[in-house]
There are 2 protein chains.
Amino acid sequence: MLQTIEISKITKIDDGSIITPKGFSADGVHAGLRYSKNDLGIIYSEVPANCAAVYTQSHFQAAPLKVTQESIAKEGILQAIVVNSANANSCTGEQGLQDAYEMREKTANQFNLDNHYVAVASTGVIGEFLDMSKINKGITELKPQATKDAAVNFQQAILTTDLVMKTSCYEVEIDGKIVTIGGAAKGSGMIHPNMATMLGFVTTDANIDSGSLQEVLKEITDKSFNQITVDGDTSTNDMVLVMANGQAGNEPLTNKHPQWNEFKAAFQMVSEELAKQIAKDGEGATKLIEVEVTGAKTKQEANAVAKQIVGSSLVKTAVYGADANWGRIIGAIGYSDASVNLEKIDIYLEDICLFTDNRPQAFSEETAKAYLENDQIKISVNLGVGEAAGKAWGCDLTYDYVKINASYRT
Amino acid sequence: MLQTIEISKITKIDDGSIITPKGFSADGVHAGLRYSKNDLGIIYSEVPANCAAVYTQSHFQAAPLKVTQESIAKEGILQAIVVNSANANSCTGEQGLQDAYEMREKTANQFNLDNHYVAVASTGVIGEFLDMSKINKGITELKPQATKDAAVNFQQAILTTDLVMKTSCYEVEIDGKIVTIGGAAKGSGMIHPNMATMLGFVTTDANIDSGSLQEVLKEITDKSFNQITVDGDTSTNDMVLVMANGQAGNEPLTNKHPQWNEFKAAFQMVSEELAKQIAKDGEGATKLIEVEVTGAKTKQEANAVAKQIVGSSLVKTAVYGADANWGRIIGAIGYSDASVNLEKIDIYLEDICLFTDNRPQAFSEETAKAYLENDQIKISVNLGVGEAAGKAWGCDLTYDYVKINASYRT
């Protein structure tokens, strides 16, 4: 049976954000961890919200991730997420853990919540202790509101050297009710240059239990946040958190619900938009690169090949130099673990065929070069050995990437 | 029982090369594949030599690799290796395979050999056909000699945009006979920018059967050539070929021979020196980075962590910027698959301790920066969870890497 998702029912909310779903508010303040910009933020749900989370695959999870996991383990419910930038509270040992607990407790006290209804996230330099007096004072200044300005305050507070704020919002009708999903994220950037951290926060007023929410988050993360790469390095602080507070009033969403796929599709749109914004704002980047792989044996292989291509330094520099260098794409496919056969591979740059029938194709270098001068580049690869597809996103590798990351920390 | 290798018996031959082992000669000529430099070379053994080879892990092995594998499969014996630069003969389909066969056959005819006594290697741009009239004419001009000049001619003929020739030579006494091992290699560089290719050629006059030689080559490659990285991209043409012609007159070497470990140690030195020369001459590189990992659970994990660190773009840019950024080293360790525990990790930059006892150490940034201005950098990591060790080599990531690889092909 052919399964069709009626995506006409999913609507993008251009000026939507994390406070657009019913019952959510936010704020961001300048606690003094950095010179002048906001550096402490909160997302708040007026009622306890079912939640889900995914964490970095690094062996060295930072202290706030441990505390957040402990919060969620207790009931699968959150009501507030407190986030600081400028300091990742990573590689800070027992002291760092105590600081993350204190940050959680102060926030819980401030909003009259049980401790385990609060999640904690941090991003910034690693190996330094948090200035808890500044954090604690900042927490008392947080006044979450459901306004655009308050959302912007939050979005600013989570940035490090990101150049732009990252937001997305979609609506979908479920059981005749409007369900809204909003998101905010930060990407790759540094205070002192340590490592990039990706943080994502998604709010929704959908009525959905924690288990089902986790199922959606896991599935969608694997084809959105986990499919971006800036430089192949994984942070100790990466985390995506979702809160669903049920205020939309739909029937409980599970994978048995007739509109399960529509909810997932809307969730995917929010996640994918945030992921693309992060990739495009990668350090030193001038271009967003999207790689779509079709004709793979499995989804996993499609995703892996797409990510391998978009992560290749040689592909990234070729895109920066506006060079339609298909040989490097072949090279990246060649060293993936996927099932491949050179005779069956097609490679397209947008609609320009570069390689098919086991041989390079004649194409206009001028047309290809002109296309590669755009700030969004699409590479399509058909592996021709199966039916599965996947996408990945990244950015070009530029002088500025080297400049940003070679500059001395102090 | 403690096994000690008496490395005093192993001597470096400063001006040695592939023609230093008895019975080997070489040559290189300008066949016209590129503007003026040598582009076609040969290594020749005056008697049939037992051989061994390792090949790229890319799914897309280039035509010359297929032909070489076919040659070796027949008897495990080679007498000549013919190599061209400027064109990789990769992704060239049936025509490319025929061209590689023709290159083998012309060489065999020229030197009165059976076809399967000849191996073929190519490096350069991919996706273009070889100009066989130039190749064939060049082959007739090859006059292998056992002179230093002839070795240099060969070493030049295999380079692409490599800045320096890569050679190494060691002697070891086996059964009272002098056994010599010489090597030549090319590293990462491009004609048109496609992908870097690593080629390694090792000659020895040791008396050793093909099976034992393959055993040595496999073991040593895993801790030399396979432990270098320039940009994480794997070529379709990588290959290391070894010929052992037995002229040293030692008793047959096998893993039962009492001096097996000494032979392996000498072989390791040649391979490691070539590997380090390739890493140091990586595209745009200004520094050789050596990472030594000790205290790992297994050798494989030690090697993997070392390669992960030396391959991290953030570590590479930090070394370029002379920044003792231990957080990036922690980051790279964190996303490896190895068994690790942050509390047990020590990180040293030469003899400067950056991280131990689960916390960053106070160190002089000036001293660290001064050390990082050297052109050879040593990073040591003790994982503290086992007894195994491994090394890897790479280079810094610089503006010039981006420049070289972003420049337009034509």
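Every residue number used here counts from 1 along the chain in the order it is shown.
Backbone N, Cα and C define each Cβ position, glycine as well.
Note that TrEMBL annotation is computational and uncurated.
The annotation active site, nucleophile is assigned in TrEMBL to A:Thr197.
Cβ-based neighbour count (10 Å, all protein chains) for A:Asn405 (substrate binding site) stands at 27. The substrate binding site feature in TrEMBL is assigned to A:Thr160, A:Lys186, A:Thr197, A:Glu283, A:Asn405, A:Thr410.
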Around the Cβ of A:Lys186 (substrate binding site), other Cβ atoms found within 10 Å total 29
Within 10 Å, the Cβ with the most other Cβ atoms among the binding-site residues A:Thr160, A:Glu283 is that of A:Glu283
Please classify the secondary structure at A:Thr160 (substrate binding site) using three-state DSSP. coil
Out of the binding-site residues A:Lys186, A:Glu283, A:Asn405, ones whose Cβ falls under 8 Å of a chain B Cβ are A:Asn405
Tell me, by DSSP, whether A:Lys186 (substrate binding site) is helix, strand or coil? strand
